[in-house]
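Engineer: Swiss-Prot feature annotations, pasted as is:
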- Lys200: active site, proton donor (ACT_SITE)
- Asn14, Gln15, Ser16, Ala17, Val18, Gly19, Asn115, Glu282: NADP(+) binding site (BINDING)
- Asn115, Asn204, Asn208, Ser270: substrate binding site (BINDING)
Amino acid sequence: MVVHSLGSTNLQENQSAVGAIAAWRLQHAGYSRVTTLCRSNYDAVKTSGFRLSTSLWGKHIYKPDRVANDIREVKHTEFDYVVDATKNISATWTLSISEIRQVVRPRTTILSLQNGMQPERRFTKAFPANTVLAGICFLSCSQISPGCILQTSHIRPHAFYIGMSSSPSFRDAKQKLRRLVSLDSSFLAVRDIRIQQWIKLITNVTFNSATALMNAHTRDVLDSASGIELVRALAEECYELGLALGMAIPQGTVDSIIEDFLSAPPVVTSMLQDLRAGRPLELDALLGKLKTYLVIL
């Protein structure tokens with residue numbers, strides 16, 4: 001199996017912290033060959049690999065089978081899976097599609113491993129003849145220096161939840177999903193990815209917003225009376241919106257999300273990381289969809 005930053009032959013697009021961990025877990029069992037596409041961290045990863053310090057798996061040095069700086073370097077490779085783990089920012093969408101188009105073949109499966117509701121939809125539109133999977137990550141991780149990945153906590157039993165989004169053949173998509181998640185116990189196949197995406201959306205809207213607004217990690221937010229009040233208000237509003245849109249979100253989801261963070265080590269959310277580093281925020285992915293749904297209602 002070959003993966004563009006995944007396992008079989010897999011290609012992973014833009015090696016973020018999430019993408020680096022996903023690539024590592026997909027390759028480590030030895031059943032796949034992984035190519036990673038790196039940008040600013042290319043020299044470090046090409047020379048020394050990824051240096052990972054994780055609360056789940058300990059410390060490791062992970063060297064992908066191949067490290068590329070430009071997708072044109074691997075455009076003649078037949079990839080079984082292509083994984084996009086880039087930030088879900090609208091300014092990069094067109095570039096992402098145009099790059100991935102160079103390595104997608106009729107049998108290639110595309111996995112969108114990004115934040116937001118249905119971020120994979122642009123792939124289903126661009127590649128209607130291919131199987132498209134949607135993935136959700138429940139890890140707190142960051143790239144603290146080029147190629148150096150720190151994973152501090154997780155709020156779910158599995159790191160990655162993956163489900164089917166679209167495919168010309170349901171049977172084929174189911175087989176490709178099973179094949180992918182079989183590579184590592186960190187991956188879990190889920191039946192209804194939409195519900196899981198909405199639960200992650202509640203989590204992101206609540207804690208990314210609160211931590212960025214208060215410039216504090218999750219524990220400091222939850223230890224504050226005003227912080228816990230804000231968190232619960234955001235979570236309940238997002239939960240109620242999901243129900244109004246017909247999402248079968250389980251009862252107790254809001255309490256469960258808050259309890260998960262109360263029992264986890266402090267989390268510096270991705271939005272807070274980006275804010276402190278002066279990087280663009282994933283506002284469209286995390287908050288823009290809610291505005292759209294509110295207009296619909």
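Cβ atoms are placed via backbone N, Cα and C, with glycine included.
In the displayed structure, how are the listed features positioned relative to their neighbours?
Structural biologist: DSSP assigns Lys200 (active site, proton donor) to a helix. Sequence-distant neighbours of Lys200 (active site, proton donor) (same chain, six or more apart, CB under 8 Å from its CB) are Asn115, Ile136, Phe138, listed in sequence order.
For Ser16 (NADP(+) binding site), applying a Cβ distance below 8 Å and a minimum sequence separation of six or more within one chain yields Ala85, Thr86, Lys87, Gln143.
DSSP gives Asn208 (substrate binding site) a helix state. With a 10 A radius on its CB, Asn208 (substrate binding site) counts 26 other CB atoms from all the protein chains.
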Engineer: Minimum Cβ neighbour count within 10 Å among the binding-site residues Ala17, Val18: which residue?
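Structural biologist: Taking Ala17, Val18 as the binding-site residues, the minimal 10 Å Cβ count falls on Ala17.
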Engineer: When the Cα-Cα distance from Asn204 (substrate binding site) is computed for each of the binding-site residues Ala17, Val18, Gly19, Glu282, which gives the smallest value?
Structural biologist: Glu282
Engineer: Excluding near sequence neighbours, so keeping only residues 6 or more apart in the same chain, what lies with its CB under 8 A of Glu282 (NADP(+) binding site)?
Structural biologist: Lys87, Asn88, Ile89, Asn115, Gly116, Asn208, Ser270, Met271, Asp274
Engineer: Other than Asn115, Asn204, Asn208, Ser270 themselves, what residues in this chain have Cβ atoms within 8 Å of the centroid of the substrate site's Cβ atoms?
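Structural biologist: Filtered neighbour residues, in order: Thr203, Phe207, Thr269, Met271, Glu282, Ala285, Leu286.
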Engineer: Can you tell me how many other Cβ atoms are located within 10 Å of the Cβ belonging to Gly19 (NADP(+) binding site)?
Structural biologist: 27
Engineer: Quick check: in three-state DSSP terms, what is Ser270 (substrate binding site)?
Structural biologist: helix
